[in-house]
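**Q** According to Swiss-Prot, the protein carries these features:
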- Cys9, Cys12, Cys28, Cys32: Zn(2+) binding site (BINDING)
- 45-66: region 'Disordered' (REGION)
Amino acid sequence: MSQPLTVDCPTCGAPVEWSEKNAFRPFCSDRCKLIDLGAWAAEEHKIAGSEGSEDELYSGDLEPRH
C-alpha cells in the first residue's frame, strides 16, 4: 500500500495529508484557510503580471455604460 501524499500547509507549514477526508486541503485547518483568504483580501498576495497590465485591461476599447 502506498503512503498518503503529504504537503505543507501554505500558512503555517504544518504537514497536511492530501486526501478527500481533509476538507481544508491544502490548509491544515479552517483558521489557516481564513488567514490566507484575509491576506488575499488585503492584497498581501498578488498574481504576477507586467507593470501596466491592469491599464491594458481597461484600455478604453469598450464604450462606457450610461
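From the backbone N, Cα and C atoms, a Cβ is placed for every residue, glycine too.
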**Q** Within 8 Å of the Cβ centroid of the Zn(2+) site residues Cys9, Cys12, Cys28, Cys32, which other residues of the same chain have their Cβ?
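**A** Nearby residues not in the site list: Pro10, Thr11, Gly13, Ala14, Val16, Phe27, Ser29, Arg31.
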**Q** Cβ atoms within 10 Å, counted per site: which of Cys9, Cys12, Cys28 has the most, among these binding-site residues?
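**A** When each Cβ's neighbours within 10 Å are tallied, Cys28 tops the list.
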**Q** Kindly assign Cys12 (Zn(2+) binding site) to one of the three DSSP-derived states: helix, strand or coil.
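**A** In three-state terms, Cys12 (Zn(2+) binding site) counts as coil.
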**Q** Specify the count of other C-beta atoms within 10 Å of the C-beta of Cys32 (Zn(2+) binding site).
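**A** Counting Cβ neighbours of Cys32 (Zn(2+) binding site) within 10 Å gives 19.
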**Q** Three-state secondary structure of Cys28 (Zn(2+) binding site) from DSSP?
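**A** The residue in question, Cys28 (Zn(2+) binding site), is coil (DSSP, three-state).
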